[in-house]
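Input: a single structure, listed below in structure tokens.
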Amino acid sequence: MSQQLVYAISVAITALIQGGGFLVAYALQTETFYDILGGVNFLALAFWSASSSTLDLRKICTTVLFVCSRGWLLLFLAWRAHERKGDARFDDIKGKFISFMKAWIVQGMWVMLISMPVIFINSSNKSSPLDFIDIVFMLCFALCVGTEILADIQKALWVKKGRPGGFCQEGLWGFSRHPNYFGEIFQWWFAWALAYHSSEAARGYLDPLWWACAISPIFTMLILLHLKPTGIYNAEGKNLKRYYDQCPDEYGKYRESTSILIPMIGYQYVPLFLKRIIFFEYEKYEYNPKVAGEVKKE
């Protein structure tokens, strides 16, 4: 079976899951299983693509890591939805057919775009052994998946303890202000790199489909770094007001000495221009009391 056909069937599977989910959710006027069906969609694409060609070590390891990553996401989002007893993002749109449908379309696009490198690997008819570089990429992929899972668990346990200290500094959160997003972003860069030797072209860099798979980490970065309703953009900026109101000195020191994304030591010694250029410490993430005050008045 060609890679193009595997992708086409993956799109059909995604359309069926998201379209069916939307129709049922709209009829029942609930968003309860929105995130759950996103996770189910990921797992469906993993198992479908893995069954589309002969398995080898590269495909097995990649699929296992992908299932661990998306399986954890499914469990975590289901738990969070249960804890919060709903999702405020849908309060104003679940009664509006078009607006609610757009949310399900966006989720389907997200699932497909993120899954592209894994589908590429699993649908390849080329079987190549793992070389040293592949093993390094595989280990980095696993490390990023583990980082995201561990960060989510540490944050959840901190919340369960009553949010001591006002902001989370537990474990990985002492080295990064958003270690979960670090794991989510960089695992897809390593998945894309791992897909290189699955290209059926004479040279992987000549394969346009492999290059197209780079949209997986790029799209993830766009969502988590630049989209206002979610990710770092949503967590920083005006939403830092609660920290500066409750514990301004403590949080100020934490912010100055803790990387926004990449876990590291000695961040306070990095010049600001390097933080802006290399470490994603964009000016738009800074807390502006004037803006926060205007938002509150509205």
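Positions of Cβ are set from backbone N, Cα and C atoms, glycine also.
Please treat TrEMBL annotations as automatic predictions, because they have not gone through curation.
According to TrEMBL, the feature transmembrane segment maps to 6-26 (among others).
Look at TrEMBL and you will find 33-51 (among others) tagged as transmembrane segment.
The transmembrane segment annotation in TrEMBL covers 57-79 (among others).
Here the transmembrane segment (100-120) has Cβ contacts under 8 Å with residues 3, 6-7, 10-11, 14-15, 17-19, 21-22, 25-26, 34, 37-38, 41-42, 45-46, 49, 62-63, 66, 89-90, 93-94, 188, 191-192, 194-195, 198, 209-210, 212-213, 215-216, 219-220, 223 of the same chain, all six or more residues outside its ends. Positions annotated as transmembrane segment by TrEMBL: 100-120 (among others).
Under the heading transmembrane segment, TrEMBL lists 132-151 (among others).
The feature transmembrane segment is assigned by TrEMBL to 209-227 (among others). Same-chain neighbours of the transmembrane segment (209-227): 3-4, 110, 113-117, 120, 181, 184-186, 188-189, 191-192, 195-196, 198-199, 201, 233-234, 280, 282, counting only residues six or more beyond its ends whose CB sits under 8 Å from a CB of the stretch.
Panel annotation: around the transmembrane segment (57-79), residues 35-36, 38-40, 42-43, 46, 49-50, 115, 118, 121-122, 124, 127-130, 134, 138, 141-142, 145, 148-149, 152, 156, 187, 191, 194, 197-198 of the same chain, lying at least six beyond its termini, place a Cβ under 8 Å from a Cβ of the stretch.
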